[in-house]
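**Q** Here it is, the structure in full.
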Amino acid sequence: GVARSAAMALSRAERCLALLLRLLSRACLALLALLPPPRAGSARAFPRAVPPPRRALLLLPARRLAALLRARQVTCIEVVEAYVQRIKEVNHLINAVVKDRFEEALQEAQQVDKLLSEGPGNDYLEEKFPLLGVPITVKEAFSLYGMPNTSGLVNRRNVIATSDATVVSRLKQAGAIPLGVTNCSELCMWYESSNRVYGRTNNPYDLQRIVGGSSGGEGSVLAAACSVIGVGSDIGGSIRMPAFFNGVFGHKPTTGVVPNDGQFPNAQGVRTSYLCTGPMCRYAEDLEPMLRVMAGPGVSKLKLNEKVSLEKIKFHCMDHDGGSIFVSPVDKEILQAQKKVVEHLENDLGVQVQRVAIHKMKYSFQIWSAMMSSKDSEGQEAQRFTDLLGDHGKPVWPLWELMKWLVGMSSHTLPAIGNAAREKLVNLNLSGKAKLVSMGKSLQEEMEALLGPDGVLLYPSHPTIAPKHHSPICMPFNFAYTAIFNVLGLPVTQCPLGLGSEGLPLGIQLVAAAYNDHLTLAVAQYLEKAFGGWVLPGKV
């Protein structure tokens, strides 16, 4: 009886706390709504969304572009010029490309055309240069030779990359042509891409909405048809949230398949197994060829050559995390979209989608937070966010920074200061942290057992569709829906599902057991055909 009444008291306390947090979040959003709208009087000058692309060349998957180039049906100069024009047309609206290399890209395009005119065989070209002549964009946190590499940190604003990150150099060797680098959040640790170096990136479907983070510029640039494939990285959902908010595809590979080196900040200690570099694409068919190139020899860990028969996949579905007190409830439209996916799979493939409720998912945020700051097997401490903010200078004191921020004296963004404070708090309660880490380990075993060799889980990408600018600060832990899969090490493909009633993208996460990336990639291609994939922005 005592245990039961204690449990009841605890659940009552939890409910009160949940209510308090909800009210705080609502109050915060209500306050934001009172702020004066930006640039009053210029509503006429700023449309709601970006204009749709008019050039047919901009509407082809990378694979199709590469095939047309090899068949000499289009020149590389035409392709690169079309993309350069498109960026010049809309980048002032979305602020996604923060530094371009158009001149170099056009020179590289000329070299590709020269190579093609010399007439090497198609098979040779496809084998050696699978992405020959395809324009790409790269998240600014990755080094791309000659481009800035600040990660939105003011004290790095003069840092210029003197080499290429491994994945960037592999994509270049495969023939891809980088157009420039795209915006991210400060130190890549927040889900709105806005910083004191480059400012804020806007959503192509509604400029008043966020693009997600930290690979937000990449999500925006792809959705606005300013690029067709790009490089992102993900330690808490940084590929998947931008892909979701901007209605494109993103893949967080199984841990340890794609090299992370050449990005700032790079992961150390336990975080090396949570940070994943992966492809972001407008079209599902481009994820797999891009993943092959980025993984290099690591691709042998995956089964990308296996033929997937969708009817044999064991589908599971979970509507929400079970009601975490830290996270907003899932929007009706997102639940509705997921329901449509389940119905389609059942009617079209004749499969039975198993509803599951995994109790520990309710603690996603706490598990992620604890595991992110735990020691690795060698006992190495996780890197402290406060040290990273100082970037080899003095570590940042969150409370002091907050005081400076309030009077406009801080060179950091409020979310970055908040993150530093969260980290200090997690490390105060060490026994609680140890419990959460072991809960995470057992959740991992439970997930692997559930998914097995042929399972795919459908799970919401985020509790809300793309929120308005600044509002993430009122719902700071909503990224838990994506973050939990980083600490579980599972492959996840983010898949768009058309637009909702407000003309904003909907989507879903497809999750499989480790090294079963081929399953989620196959399902993403299937759902793209069924639900239309990426939708042109600006079409009313």
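The backbone N, Cα and C atoms fix where each Cβ goes, glycine too.
According to TrEMBL:
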- LYS139: active site, charge relay system (ACT_SITE)
- SER214: active site, charge relay system (ACT_SITE)
- SER238: active site, acyl-ester intermediate (ACT_SITE)
**Q** Pick the one among the active-site residues SER214, SER238 whose Cβ has the fewest other Cβ atoms within 10 Å in this structure.
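**A** Among the active-site residues SER214, SER238, the sparsest Cβ neighbourhood within 10 Å belongs to SER214.
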**Q** Applying a 10 Å Cβ distance cut-off over all chains shown, what neighbour count does LYS139 (active site, charge relay system) have?
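**A** By my count, 32.
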**Q** Sorry to bug you, but what's the C-alpha spacing from SER238 (active site, acyl-ester intermediate) to SER214 (active site, charge relay system), rounded to the closest Å?
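**A** One finds 5 Å between the Cα atoms of these residues.
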**Q** Please report the Cα separation of LYS139 (active site, charge relay system) and the residue listed as 'active site, acyl-ester intermediate' in Å, rounded to an integer.
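**A** Computed Cα spacing between LYS139 (active site, charge relay system) and the residue listed as 'active site, acyl-ester intermediate' is 11 Å.
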